[in-house]
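Just below is one structure, and these are the notes that go with it.
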Amino acid sequence: MAKDTTGRMRVTVKSAGRMKLSSKLWLERQLNDPYVAQAKRDGYRSRAAYKLLEIDDKYHFLKSGLAVADLGAAPGGWSQIAAKRVGAPDGRGKVIAIDLLEMGEIPGVTFAQLDFLDDAAPDRLREMLGGGADVVMSDMAANTTGHRKTDQLRIVGLVESAAQFASEVLKPGGTFVAKVFQSGADATLMTQLKRDFATVKHVKPAASRKDSSERYVLAMGFRGVPIVAPETVDE
């Protein structure tokens, strides 16, 4: 155990057996991350809970009685925060969550193990919501290939799909918040969001690691712009 540049004690992991360097570095980062330790003390399932806490503490979009759709919810940190703030455990609000992975029960949260990109997922989510949503939030991240351009396209595609779903289910005045990377949401998506929402910005909460390119796009004040299908011309 040694001290880091801030004077705090730092845990180092000795390689054992066939542990890969990447696994060793990941474990060291987890052991030395103050948000990981705080999440355990506070009973949150992941450090990601503090990202949503910080964003909502500043922008106040999670309010009592609202309906929330949480895309890519597992292990459940964001759902825990949303459920508490909208009053889902006592029936004042509602949180609907989906993920490819299993997720343990959270009081007030209705969960379905679904691939959001599956054609049937949006309709299933609408059915679970039983009406419109006040907040659509996505902490989804695409599986990486190691090829930067391919990974960026996958990330953009995932965020665009989440934004499209948000535009279909959000009530007027609603909020969309989603994880993006590198330079943030691309120009096409930003144009769409600025058309459909009163306020659009990028935010990077303190709980997001400094060495990470992770950011969040926050769009508030949904205008309720209807989606118009392309016109067909009869010949």
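Each Cβ is built from the backbone N, Cα and C atoms, and glycine gets one as well.
All protein chains included, Lys179 (active site, proton acceptor) registers 22 other Cβ atoms within 10 Å of its own Cβ. Following the DSSP three-state reduction, the secondary structure of Lys179 (active site, proton acceptor) is strand. What Swiss-Prot records for Lys179 is active site, proton acceptor, and it gives sequence analysis as the kind of evidence.
Residues annotated as S-adenosyl-L-methionine binding site in Swiss-Prot: Gly76, Trp78, Asp99, Asp115, Asp139. The secondary structure of Gly76 (S-adenosyl-L-methionine binding site), as reduced to three states from DSSP, is coil rather than helix or strand. Residue environment of Gly76 (S-adenosyl-L-methionine binding site) contains 24 other Cβ atoms, counted within 10 Å of its Cβ in all protein chains.
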With the S-adenosyl-L-methionine site defined by the record as Gly76, Trp78, Asp99, Asp115, Asp139, how many Å span the farthest pair of C-alpha atoms?
18
Would you kindly give the Cα-Cα distance separating Lys179 (active site, proton acceptor) and Asp139 (S-adenosyl-L-methionine binding site), rounded to the nearest Å?
5
Spatially, which candidate from the binding-site residues Gly76, Trp78, Asp99, Asp115 is nearest to Lys179 (active site, proton acceptor), comparing Cα atoms?
Trp78
Among the binding-site residues Asp115, Asp139, which residue has the fewest other Cβ atoms within 10 Å of its own Cβ?
Asp115
